[in-house]
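Please read the structure below before turning to the comments.
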Amino acid sequence: MAIISDFQEDETPRQQQQAARSEEALAAVLEQSGGAALFLQAAINVVRQRSDFFRDPSAVSKVAAMASAARAQVEGEEREARRKAQEAERKAVEAERAAKAAAAPAPAPAPAPAPASAEKAESSEEKDNMEVDKGDSNVRQPNAGNGLDLEKYSWTQQLPEVTITIPVPQGTKSRFVVCDIKKDRLKVGLKGQPPIIDGELYNPVKVDDCFWSIEDGKSLSILLTKHNQMEWWKSVIKGDPEVDTQKVEPESSKLSDLDPETRQTVEKMMFDQRQKQMGLPTSDEMQKQELLKKFMAEHPEMDFSGAKIA
């Protein structure tokens, strides 16, 4: 487990000005370097040649930690942008409804009560928008990141990893944070206060590939690398509300980054989930049915009266 935020703390105004000038200079070099990858390679070569940084055995993990923190921050910004877009869309819909209601004529007398059967009917759209699924109050619809937005924290996931975002008081420093990540347990909070998260993880994680950082001094971001990277988590902590994993979907950009074998497996999982939702056979069941049909066609003399073919 690594902490990303320590080197960002306690900067003086002069140091902040120097950092801003350095960032502008680096941005200019980046524009002329021919791409981010080439820029990073050049920077690594400079560090290797001009310092003893890479003589430290932990240098690689430190670089990986900084890269993971940057990725987590980008994901947080993307989530915030999606949230704002959804909020703007919601407000636009509400405004349109209010305008229609204001322009509508006075309501006619109420019709006679509908039959009980009609009152109980629900459209498929209403069912899809319900927070609770299948009568289980602990199973909920996934958020835009295939996780859940809970009271104390929110989380998203892709097959390889889980990202947890916890709001903290503005100006919180990493030294105020208690974050204990173990293979099958997570404890997170602020010093001197009750833990925000404390419980058994849904599945084991690779502790050495887990990181946390303070984002903009107002949120704690935790990246958990799954031990089994071919399985969706239903929750972060066992006993917390669960997400309906039949309705999670990998981002297309993430899917295209997978190797062919892994991508084929993920696409098969997605297909099987959709088939189950519609009450249709999965890919394995369809393959068995095709084999049975072929066998029956090749052996017409045999009695298959008890066999079922969808």
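Including glycine, each Cβ sits where the backbone N, Cα and C put it.
Note: TrEMBL annotation is automatic and uncurated.
Looking up the ranges 1-20, 181-200, 261-280 in TrEMBL, the one annotated as region 'Disordered' turns out to be 1-20.
Across the compositional bias 'Basic and acidic residues' (74-99), DSSP classifies residues as 26 helix, 0 strand, 0 coil. Residue counts for the domain 'CS' (148-237) under DSSP (helix as H, G, I; strand as E, B; rest coil) come to 6 helix, 45 strand, 39 coil.
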